[in-house]
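Asker: This is the structure I have questions about; it appears just below.
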Amino acid sequence: MKLKPSLIALAVAVNTSPLAYAADETIVVTGSDVSDYSAESDSARLSSGSASRLGLTDKQTPRHTETISARTITAKGKRTLTEVVETAPGMSGTSSPTLSNSVSLRGFSGASWLLNGVAVPGSTIQIADPVHYENVDILYGTGSVLNGLSSAGGSVNLISRKATFGRQPVEADYSWSSYNSHRAHIGAGGTLVEGIAAGRVDVSASNTGTQVDKDRSRPKRVSAQLLLTPTDNTQVTFDIDRSLTDMRNPYFGTPVINGNVDRDLRHVNYNNIQDAHIRSQATSFQSTQSWYATPDVTFDNQFYYYKGFREWQNVERYYPSNKAGYVTRDSYGDLAHDDKLTGNRTMVTWDHPIASFANRVTTGVDFSKREFQYYSNGFPGGEEVLLTNPASNDFRTGAGGKMRSPVRHITQNQYALLLEDNLNITDAVAVLSQLRYTNLDMHWNYQQDNKTINRSYSFMSVGIGPSWAINENWTVYANYSTGKEPGSDIFFISPEQTSLPLTEVQQYEAGVKGTFDHGEMKLAVYDLQKKNLYQQSAVQAGVWNAVGKQTSRGIEFSGLIKPLDSVALAGNVAYTHARFDNFKQGTQDLSGNQPRYIPEWTANLSGRYMPISKLGLGAQLHYVGSSYNDDANKNKMGDYTTVDLNADYEVIKDVTVGTRVRNLTDRFYTWQRTYTGQEMIAPGRTYEAYVNMRF
């Protein structure tokens, strides 16, 4: 049966449309008039696969989601994924050298990261320039109904730039910033063969420095998509993404001395040893085939492959020495991760009324295999160095000549059955039901202990949520969802922990989403619990038990408004009350404590003013409340507020020049994402000049 060209055209538009922009982000100018962007916010274009695979809009989805679009990423000069997501409601965190994107959300540290709806292992794909993403979607709370094992706090779905039919402008972007930092991107796409083939390619490279001595990063990346429509009811896409990163003398932090971090040490790098580096390379390939069998039935098949390798040599830990004016640095780590993922997901979606009620269903299967090899030298070595001028010694000497060797090889085989249903009880009331059955077969080979362990996990994740469209502008919703997550990274747990069950997650959420004249808003409240936290036995060394519990409750608000044609304002605020209900580590009772890295309050406010049609002025305020850098709540980090300013001017049509000042007041503050006893000093004031061209 042949379908009308309009059907495939509509399908292509739905599957390749850019995702929407988060309500916390300032509305963005891409031309010379505020009206260019006022009609559509990013949140109107949620990607299928981020919160549901039924192609629901944000308003139709009974979950809190936020989306940051490519135009926002470019216009606001976001250089890393942390910068992209850190101003989303309730989000906090930073990039540390080893964890890449260590963020906290809804009271839990660490988010799940996905590429085009596929959980991508490791951190290599996250490091490269975010200009390669069409959109970044954030799902608040567990995503197990979509992805199996999933972070309790939330997940981030990275959507690749899309090929589309028709003309796409050539994009050329360049920026120069403090510490002799350079960043460049060029992208182009459009029709290759009318009605049959379209393509897109993006290339980026940077060479950036920081306030810390010798700390430099040189990421390079190329991504491409080929879109084919061989018949009027089929569509095929091929996505490839290749990234390389070379970080020299990465900054791991500054020692805390007498309870404080000395501002005068903000430029000192204790990882200044010779050949200190982190290098990575990653390749991702995905192919999706869609067959629009009838106007009501669609078959989709997604093949995915990922290969990443990351290695590093650094000295990572620093703490006060007994010798005055000196610090001890140790943990000379020579490490490597070799990661490979191969899988395939097949789905069928159809519209099938129940009685007189409109109803859409999708169901399918997902098979994958992941192999992970870990190498380490055990972090040997240690030496005393001057506090203000540490010696730059050879890594091999500092490590005592001990270099990396194989530690563990892990294989994970997974299959899953998926089902989603969206039933419209009335024109205004709908119920979204989601179900996933996951089976995991784990094989751990602890090579240095000559020990192998096999374990299977199987579990069901469910989600159900009604939504009520009060009118065309306002929707209220509620949701209940469950999930599973390892008590620690399942690829790094000890042999003793392999016998422990997965943690259990359940979340209750309610909220409202609405639009009004010249604006929109979202409000969400939630209660999130996680059980079976891993805790050390108080009486038996090396024994772990899964008996801990943590509860997080909070409220998140975001909104934007355009009070005048030349003025746009956006902001958000979130309150998070996270506590351990029952949690011990050895003999230490941590019940009632606040989990590490979790601030109670976060807030963001941004604005843009165009005094004339070609000139734009912007400001962003970012607030993060105080938090602890340990679960014992003995080491507290203060709150901080930063202010960024930017200005841009369209010198000629489609050519914009601009400047940015980040951390305008040069606010001194720290965060911790490496070792207890040291903190990372945040970047001070920096300047940037840039040009964006579209032809």
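Every residue, even glycine, has its Cβ placed from backbone N, Cα and C.
Whatever TrEMBL says is automated annotation, not expert-curated.
Here the structure is a predicted model, which means the values were calculated and not measured.
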Asker: Between 26-32, 138-144, 348-354, 460-466, which stretch does TrEMBL give the note motif 'TonB box'?
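Answerer: In TrEMBL, the motif 'TonB box' feature sits at 26-32.
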Asker: May I ask you to indicate which of 39-63, 389-413 is given in TrEMBL as region 'Disordered'?
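Answerer: Among 39-63, 389-413, the range TrEMBL annotates as region 'Disordered' is 39-63.
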Asker: Could you tell me the mean pLDDT over the domain 'TonB-dependent receptor plug' (59-154), as a whole number?
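Answerer: Taking every residue of the domain 'TonB-dependent receptor plug' (59-154) together, the mean pLDDT is 88.
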